[in-house]
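Record features (TrEMBL):
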ACT_SITE  ASP431  active site, proton acceptor
ACT_SITE  TYR514  active site, schiff-base intermediate with substrate
DOMAIN    276-328  domain 'DUF1965'
DOMAIN    357-764  domain 'Copper amine oxidase catalytic'
MOD_RES   TYR514  2',4',5'-topaquinone
REGION    333-354  region 'Disordered'
TRANSMEM  37-56  transmembrane segment
Amino acid sequence: MSQDHRYQPLTKEVEAEIHEEEVTATKAKKKYFETKTIFALLCGVLLVPTATWIFGPTNLIEGELVQSFGSEGSEPVSLCETTDLLSIQAPRKNIWKNLSIKEATDIREWLWQPERGLNLTRSAIAADNDNAIFLIEAYVPPKAAALAYLNGSAEPPLKYAHAVVHHGNTEQIVDYLIGPVPLSSKTSMRPLTEIYHRPEIPYNAHGFNPNSTTMGLLLSSTFGPMSDITMDLFGGISKGHANDTLIGSATAPMSYDGSWRKAWVGLKLNVPGHYLFPVDLYAYFDLSGTDPSQWKLLKLVYNGQVFASEAEFRQAWSEGKLKKSKKPLLNDTSEWATRTRKNKGGRRDLDDRAGPRSVSFDGLRFRVDQEEQYLTWMDWSLYLGFERDMGLNFWDINFKGERIIYEISPQEAMAQYSGTDPHQATTVFLDRAFGMGASVKELMVGYDCPAEAVYLPATVHTATGSSTRLNAICIFEKDSTKPLSRHTGWLKDEMGAIKGYELTVRSISTVGNYDYLFDLTLQLDGTLELRVSASGYLQGGVWDPSQAPYGHQIRDTSMGSLHDHVINYKVDFDIAGTRNSLMSAMLEMEETTAPWVDEDWGETFKQQRVVRKMIKSENDSKLEYAKNMEGMYIVTNEDEHNSWGNARGYAIHPGASTIHLTNLDCKRTENNVNWAKHSLAVTRRHDNEPYSSSMWNIHLPGKPTVDFYKFFDGESLEQEDLVVWLNLGTHHLPRAEDSPQTLTNVATSSVLLTPYNFHDYDVSMDALNAIILNAPEPGKPWNVDENGVKPSYCVPRKLPDFSYTGLLQFEEDGSPATPAEIIEQRKIGT
């Protein structure tokens with residue numbers, strides 16, 4: 001057949017001829033390949049066992065070499081370097097590390113001894129009127145002693161611990177300072193009062209005790225007799241049994257000044273995602289003191305109707321006078337509040353393929369001393385600490401051999417809600433009370449962090465003993481997917497780019513319904529990013545049209561309620577030493593003239609200029625970010641300058657959603673969250689002002705144990721040791737897309753701490769993972785310089801199957817605890 005047939009119109013006869021030839025060729029190929037396939041299979045069956053018997057077993061995938069069959073003559077490909085941890089020995093001991101399980105157990109047993117005079121009951125069985133240990137933890141050493149040790153001029157500071165004891169028999173809480181530790185004849189204890197703003201900690205401000213029996217009995221004795229009513233109104237009952245179809249949850253704060261303790265308790269359907277299934281019944285209880293026999297129901301609210309007692313509520317129901325709200329949909333089988341893909345759309349194209357993952361082809365580029373929790377990466381170094389209240393913190397942060405920050409630590413995380421019902425309208429949660437650190441969960445490898453990340457454990461010592469999360473912290477390097485700097489140019493060495501690699505340290509806490517992702521990210525130019533992202537469940541409210549100003553309907557009777565998240569951080573800068581100052585650099589408009597002004601444009605022109613001002617005292621250091629981001633705040637060292645005469649410093653750059661609290665005039669936040677009422681604030685550092693909040697502040701808005709505003713007493717900020725207290729957060733107006741769970745891409749907030757004349761130039765220019773391009777002569781190739789850095793050509797090692805450990809729990813005596821049943825894990829939030 002002539003090839004011209006491909007380029008000319010075909011007649012029917014020619015088309016038939018072509019078709020016949022194609023059919024014949026296809027049959028021949030099919031027969032040929034069927035024969036070859038059978039032959040190949042026979043060869044495999046016969047030859048492979050023979051070769052194995054002669055040469056031994058082979059493994060082409062898991063061995064050291066993998067043959068590439070992509071093209072003729074291709075070379076074997078090695079497996080990539082291992083991404084196991086690269087070790088390093090910390091230059092100093094980690095003096096901020098929490099107590100070991102043995103140290104905490106020894107202190108617990110020491111406190112139990114009659115010589116201490118505490119008359120303690122084991123926390124797991126203690127009633128409210130007993131004395132019991134609530135917390136044991138390392139106490140941070142004085143900064144001066146720590147710096148003397150770090151600078152090599154002194155021995156490590158003496159180690160101390162502190163222990164919080166609930167004295168139920170006298171209705172007070174005492175925080176005891178204990179030390180030195182390890183225990184010896186020199187060890188003593190005393191009340192730790194100097195870090196608090198009131199001499200006593202009232203018992204009515206306590207957190208939730210591990211023994212919840214008395215509270216459970218109160219709820220069951222209240223709602224159990226109403227089972228016929230709740231079954232009629234909501235299709236469920238709450239009798240205090242494991243299989244109850246309704247469960248309760250309390251709001252906060254429970255007190256104003258500690259003189260009483262009262263709480264609203266709302267009911268929810270006991271189903272997966274129960275946070276999104278509230279029902280329209282709220283009970284207000286008086287829980288004051290330590291005698292449960294004195295606790296009582298004060299009122300009930302149903303559909304906006306208030307009842308002074310259960311009897312009054314029952315009478316209205318039985319007489320048909322109750323104005324009923326919409327009954328929850330009980331036969332909903334959509335599982336909309338779970339993570340199942342059922343009824344949530346079809347399969348996406350190519351989604352059955354595993355997505356991209358991060359691989360360090362040349363191995364990891366950071367080092368960790370696991371024992372001392374010390375980390376280095378690209379001229380950065382720092383120590384990790386961990387505590388019950390707020391979890392992961394960072395110490396002695398150095399860049400290129402200079403300390404720039406002594407401490408970065410989260411201080412508090414609050415959420416204030418709005419709505420028309422008692423549960424939404426009265427809720428202000430301060431999560432330090434629940435324990436962000438105690439609520440840290442094991443990270444899901446490959447989902448919460450990259451599979452090749454290094455994972456570290458975290459241990460806390462709370463009321464019922466010690467607990468360890470094996471994979472509580474992850475450390476990983478990532479490609480930001482954008483160059484840190486780049487330019488296209490034509491003169492010598494103008495053109496090139498630096499790869500934007502970053503190192504992130506992450507932990508995740510699940511406190512009730514919300515999951516908080518805490519990130520510290522280091523960058524090559526000396527910049528640090530602090531970021532908090534949120535996921536998990538909304539605190540749902542009962543939807544009716546009157547709730548429209550406070551959220552959106554997300555299901556038949558459920559809504560997402562409007563709320564603020566504000567998370568406070570402490571950043572103790574040491575810029576070229578501890579003597580630092582605070583400068584504002586703000587933009588303002590000016591109208592000016594110059595001799596060269598062209599009269600065609602008028603005699604003057606307008607432009608912006610920088611106005612630099614030193615903020616000299618604490619009287620002026622409660623600050624807001626500039627409108628339209630027209631300026632910044634810089635921590636400087638006015639005694640230290642770069643080569644160009646500029647004071648060395650670090651600037652605070654607001655990133656995503658750097659908010660402060662919206663509601664600035666509320667009795668439930670009167671004095672306990674003063675840190676949340678500004679974008680940031682700066683104080684002179686003192687050892688007796690270590691935190692902006694406390695675990696008891698949640699229930700003491702009128703008279704908190706830590707009143708942040710009392711840090712501000714007019715002290716000078718000129719060349720003093722300064723602390724920046726800055727806020728992250730979001731104004732969360734929930735939408736349907738927040739169900740079943742909130743998305744971290746929107747619910748996120750960040751701030752950048754970045755060099756500001758700290759160096760003489762951009763020090764990331766010394767990074768080797770960079771390229772310089774120079775234009776060639778016509779017709780010749782471009783001149784490329786990649787500093788000799790080429791990624792290895794290798795095959796990544798096989799990932800292990802996913803596994804999850806959960807929590808390793810230890811009893812009060814230090815012995816391993818029996819794994820808890822799911823219902824018990826749910827009660828204590830493990």
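Note: Cβ is positioned from N, Cα and C throughout, glycine not excepted.
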TYR514 (active site, schiff-base intermediate with substrate) versus ASP431 (active site, proton acceptor) - Cα distance in angstrom: 10
The domain 'Copper amine oxidase catalytic' (357-764) [mean pLDDT, rounded to integer]: 96
Secondary structure content of the region 'Disordered' (333-354), with strand meaning DSSP E or B: 0 helix, 0 strand, 22 coil
Chain residues outside the region 'Disordered' (333-354) and at least six past its termini with a C-beta under 8 angstroms from it: 271-273, 276-277, 537, 555, 739-741
Tally of residues which DSSP labels helix, strand or coil - the domain 'DUF1965' (276-328): 13 helix, 19 strand, 21 coil
